[in-house]
Amino acid sequence: MRHEENYLDLNNLPDDFSKDGNKQALEEGSSSGQRKKKGSKEGKDESGKVYECRFCSLKFCKSQALGGHMNRHRQERETETLNQARQLVYRNDTITPPGISPFGYHHTTDPTIYRSVYSSPMIYPGSSSTNLVPQPPMPPPPPPYPYSSNQYSPHNHFNDYYLNPSFRGSRSISPSPNLPTTTTVDYMADSPVEPGYTCVGAPIGPTGFPIRGPSIVRAPLEPPQGRDGDASRQRLDHSLRFPINRFQDHHSL
């Protein structure tokens, strides 16, 4: 009885103790393995939850996969809002004139909306049809310089007159061939020159060349002072009776 009650006595071990110990260890290991399997099955049942996306209704087994998918949706929505804001900015920019661009964007709209009326004709590729801008009208010529009875024309020259059969019925006096006619006087029948000639430059003789004679300096011609033009006709007749030689100074040299 003493030996049976003392389990710590190694000398009185039974013969089948190793077998019994192995059986007991196997039983304990199998029980623990069954418990682990049961725990894993319960964990699988717990992890079998399905996570659904709020945007596209996709289902995920793990919350991490759903989080990455939701981040992509957020990025897409952010880029969409940015694109909408850019479109609004472009629309507001097209309303303002091209010279007052606040953001420095290049205008892609039709530039003919803000073109000037006096600009040069241009062809714009963005417009529906090629529009040619008309040139501004030329300013009218200045009116003739009004000469009074005591004032003389600044274009009057001396000894620079010649005859030219260009105008008939009237005679026009011009200081030089390069300047326009400044005074036109209708001569009567008592004029020494036949009607239908223009008096411009030095007088021409019967040979067709300028008449050579003493150079006489006279006062410039004045416009008509009366209704009938007597004073102007007398001065012009007096100047035409005396020949003028504008080449005397050259021959004297």
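Cβ coordinates come from backbone N, Cα and C, glycine included.
Listed in Swiss-Prot for this protein:
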type     : residues : note
REGION   : 1-46     : region 'Disordered'
COMPBIAS : 16-26    : compositional bias 'Basic and acidic residues'
ZN_FING  : 51-73    : zinc finger
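Here the zinc finger (51-73) has, by DSSP, the following mix of helix, strand and coil residues: 11 helix, 4 strand, 8 coil. Note on the zinc finger (51-73): mean pLDDT across this stretch is 88.
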